[in-house]
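*Asks:* Below you'll find the structure I mean.
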Amino acid sequence: MALLKVKFNQKKRVKLAQGLWLMNWFSVFAGILVFSMGLFLKIELRKRSEVMDNSESHFVPNSLILMGILSCAFNGFAGKICYDSLDPAKFAKWKPLLKPYLALCCVFNMLVFFVALICFLMRGSLDSTLAQGLKNGMKFYRDTDTPGRCFMKKTIDMLQIEFKCCGNNGYKDWFEIQWISNRYLDFSSKEVKDRIKSNVDGRYLVDGVPFSCCNPSSPRPCIQYQVTNNSAHYSYDYQTEELNLWRRGCREALLNYYSGMMSSMGAVILLVWLFEMSVMVGLRLLHTSLESITNPEDPECESEGWVLENSLKDTFKSALENLKKLGKFNQVEAGAEGAEGEEGGKTPAITTVS
């Protein structure tokens, strides 16, 4: 029994073709939207590529850009087919291409669904990318005189100001690295010497943070040095002064920003996928309804359209049988080639009579 079997007359076929033509052009605009989203996400990721460890995060925007281009191409082609289906003479040239085209549409829709899922599942990969990238970026914060790294201070400062964050996981991350350049340290000072000597790696570590960690909403001037020393500041307790420095780490802030953006894009892609699926089903119904016309000379006669010629169970069984036959055919061919090789390898025995 055919799946989604529908009876059509000429009027219904014309309405279906016209509706599909309109839907395909809506799908072209949806493809442009997907392309634009991918381009926007790629630009956003490029802005902060210095604090990302690898390029895996660009898989999503690249996929969106590709899906957008393919969507415009596929749906533009389908719109042309639907338009020509109103004229039997024009539609005749498309008949041999419809089955391969519908098979490609199935593959394309599977890819669109896969990209939508990836948009929701990229959070873990993005988390590790940001964690390592921010860690490296903070190490290079002091290298304002080093070519290739001199921009990192500005990048980190602008990032912390824009996203209202501090450090990788929190402001205490700055206590573990030397973020003050040696050119601004007085090595004749006893305090500087003692701090450097007390550290195994010979680094100048302080319980302080860059100015960009300061919260401008704090009611008191920002305390960015001796953050954990309560006695160094009047009426101060670093464990309760929540408004003084940004408590949230930049990894969490960026992760929420990008994953929220990708989740929204994933929801849009799922809607586009549902729309594409409905277009593909409609095109299949139009294709079968035109092929099943019993009398081509009578365009007003009734016909039947369906999505699958048999039920899902029968179609699945038939596909499995075809795969098995294909496998057996390949085995027979391989066996035949082996037998030919053995026969070719035999040499006739020659008897000599003296």
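Yeah, the Cβs are placed from backbone N, Cα and C, and that goes for glycine too.
Just lifted these from TrEMBL, have a look:
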{"type": "REGION", "residues": "335-354", "note": "region 'Disordered'"}
{"type": "TRANSMEM", "residues": "20-41", "note": "transmembrane segment"}
{"type": "TRANSMEM", "residues": "101-122", "note": "transmembrane segment"}
{"type": "TRANSMEM", "residues": "255-275", "note": "transmembrane segment"}
*Asks:* Would you kindly list the residues that approach the transmembrane segment (20-41) from elsewhere in its chain, counting only those six or more residues past its ends and only Cβ-Cβ distances under 8 Å?
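*Replies:* For the transmembrane segment (20-41), the list is 60-72, 75-76, 78-79, 82-83, 261-262, 265, 268-269, 272, 275-276, 278-279, 282-283, 286.
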*Asks:* Report, as numbers and ranges, every residue of the chain located at least six residues beyond the transmembrane segment (255-275) whose Cβ falls under 8 Å of a Cβ in that stretch; write 'none' if there are none.
*Replies:* 23, 26-27, 30-31, 33-34, 37, 41, 44-45, 57, 60, 64, 67, 71, 109, 112-113, 115-120, 122-123, 126-127, 130, 163
